[in-house]
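Over in Swiss-Prot, the protein carries these features:
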type     : residues : note
REGION   : 18-58    : region 'Coil 1A'
DOMAIN   : 22-378   : domain 'IF rod'
REGION   : 59-69    : region 'Linker 1'
REGION   : 70-213   : region 'Coil 1B'
REGION   : 214-231  : region 'Linker 2'
REGION   : 232-371  : region 'Coil 2'
REGION   : 381-425  : region 'Disordered'
COMPBIAS : 393-409  : compositional bias 'Gly residues'
Amino acid sequence: MYSSMASSIRGSTVHLSDRVHSKDELQALNTRLAKYIDKIRNLENENVALQRQLQTAEQTTVTEIHRVSKNYDEELAKLRKQLEDVLRDNARLQMERNSTESENKQLQQRVAQLEKQVRTLEARLRQAEDLVADLQHRLSQSLDVRQQLESDNKDLKNQINSLKGQIQQLKQDYDNERVRTADLENKLQTKEEEHEFEKNALHENLREEKSQRQYLLHDLQRGLQDEFESKLVQQLNELRAEYDEMIKGVRAEVEAKSESRIRDLMAMADQQGDTVTRLQQELEEWRKRSQTTEAELDRLRKENANLNAQLTEIQRQKDDQIRALQQQIRKRQEELQRINDDLGDLTRQYQDLLYVKLALDAELATYNKLLSGEEQRLGMDGSGTVIRRPTGGATGTGSGIYGGTGSGGYSRDIGSTTTTKTTYTSRPTYNYTPIATTPIGGTSTTGRYTPVGGQTLAARQPSPGGSLGRERDIPVLREQKITETFKASGRVGPRTDW
């Protein structure tokens, strides 16, 4: 009997040491859990910082686009002012033309008077013939100038055709850009749907946060794309209209002026040499102005190409920044998912260890009750003194949650020196089922964990970021009090009073 008691005490000591060891393991797991919680909070803070950087990049992009648009409007205003100056010069030249025509009429009247005087001035006939020869020579020069103007007109037409080809190429590039944009939008929508499908299996709080971020990025891309396309189409239409009006005006003006000047020169060649010379100078001036206008058109085309290149570069930089921020967000989400998985594994390990602890507590309580039952059955107090009782038999039956059964006895014959010791026929066996710990408190919104006392651990701490308003449920388990009733069944032999 004493050996069985000693073995029971040694078993209790071993279980106590195991319990201390499990307690240390639980403390280590709690420390790891706190570290994971801190890491999650830091990652959420970094996520908030990345969102702020994304907003800053968007504001910078919008500011740059407004600046380029403002510069383009200023250049457009300058060009319109120059066009008004050209139109003003055209009106002035028209007035000069009218004045020249009036002078021409006066000269014709004077020529008529001179013809009347020719009959009386036969001495000046040879001089007049020389003057006519000179005028014919100048007329040939005027014809050469006309041919030069016609060649210049052909060159201008070729340049106009080239400009139309460039406009057509710009239209084709614009259509290709729209097709590529539509393809990218379709790919982006496909990726968003895949991301939405994967996101539905995650935690409720992460799903809401991802959906808000996805909607924000989608609205941002669609808004910037629509704004870019509308501005590009409007600018191309305005530039095309201005170029067409300018080219038509210059072409009509050059053709009208050249033809009118040539007719005037041919009519006045026999009348006035000085007038022909002045008209030739005016034609030369008009040719120079045509060259100046052509140079101005070239400069405008170059400025348009530079503005288009700047817009393309700004759009490319914006797309690169958005892709970089999206990649960082995906990395943070993957890291959060990995940490959540580790947290789930750690929680399961914590629960398993807690189950083992409860099982050890139940087994220790069972052994304590067995020991106290043996002491009561043997009639011993806490100090091991045997209490004398009248000889007799005692039987007892019982049942409990452990289902233990056993029989045995101890007898002593008073009238002889022989002591008979009867051992148990079978050692009592005890079966137990560990009672699982259940979270105490209200129901969690996530469906996985239940907060303690109706309030989560994250709710009792300040949420990171301050503006997200997100809370995370942390599994906190509370041990339930285990109540058990121990009843032993067995048969005791006759007792002997010492």
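Cβ coordinates come from backbone N, Cα and C, glycine included.
Mapped onto DSSP helix, strand and coil, the region 'Coil 1A' (18-58) counts 41 helix, 0 strand, 0 coil. Confidence across the region 'Coil 1A' (18-58), taken as the mean pLDDT and rounded to a whole number, stands at 81. Taken through DSSP, the region 'Linker 1' (59-69) splits into 11 helix, 0 strand, 0 coil.
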